[in-house]
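Noted in Swiss-Prot for the protein shown:
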DOMAIN    6-44  domain 'Beta/gamma crystallin 'Greek key' 1'
DOMAIN    45-87  domain 'Beta/gamma crystallin 'Greek key' 2'
DOMAIN    94-134  domain 'Beta/gamma crystallin 'Greek key' 3'
DOMAIN    135-177  domain 'Beta/gamma crystallin 'Greek key' 4'
MOD_RES   S2  N-acetylserine
REGION    2-5  region 'N-terminal arm'
REGION    88-93  region 'Connecting peptide'
Amino acid sequence: MSKTGAKISFYEDRNFQGRRYDCDCDCVDFRSYLSRCNSIRVEGGTWAVYERPNFSGHMYILPQGEYPEYQRWMGLNDRLGSCRAVHLSSGGQYKIQIFEKGDFSGQMYETTEDCPSTMERFHLREIHSCKVLEGTWIFYELPSYHGRQYLLDKKEYRKPVDWGAASPAVQSFRRIVE
């Protein structure tokens, strides 16, 4: 295990069977080790795993735990190509400001809590910009923490492309808590 305690193991087959690839640091391309990935065991830390090499394609955030099949991490298929450890901010403080328009304009809402439905809580179907003031957060394309995921560290995001999205569709979000 790494100095930070972060460790993830990828398995070719379901239920932690078949060839295995262990990782304790960021890896831009592990396809040469595994042709497919059907199960994952996160033994330390929180990880972002990506569908393609170079941290691209669909991203999935995986906290410590066992994922015996790719549907458990809401994967679309058995293809993964890269991973990186998520570095959480220290102090356990969380605060985010979301805006209904780009460049921090329009109505602003501030929260320190998870939000399973932006429509129910803020009457928003889209978030066009945000400021992460404290903590690390995940935006989800759909309500109840489903759909494409976007990892947001402490900084300002003037438009959806700044957090890696093609559109402003964000309908739920939550803190990454270890």
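Positions of Cβ are set from backbone N, Cα and C atoms, glycine also.
Distant neighbours of the domain 'Beta/gamma crystallin 'Greek key' 4' (135-177): 46, 48, 58-61, 63, 74, 86-89, 92-96, 98, 102-104, 113-119, 125-129; these residues of the same chain sit at least 6 beyond its ends, with a Cβ under 8 Å from one of its Cβ atoms. For the region 'N-terminal arm' (2-5), the predicted model reports an average pLDDT of 62.
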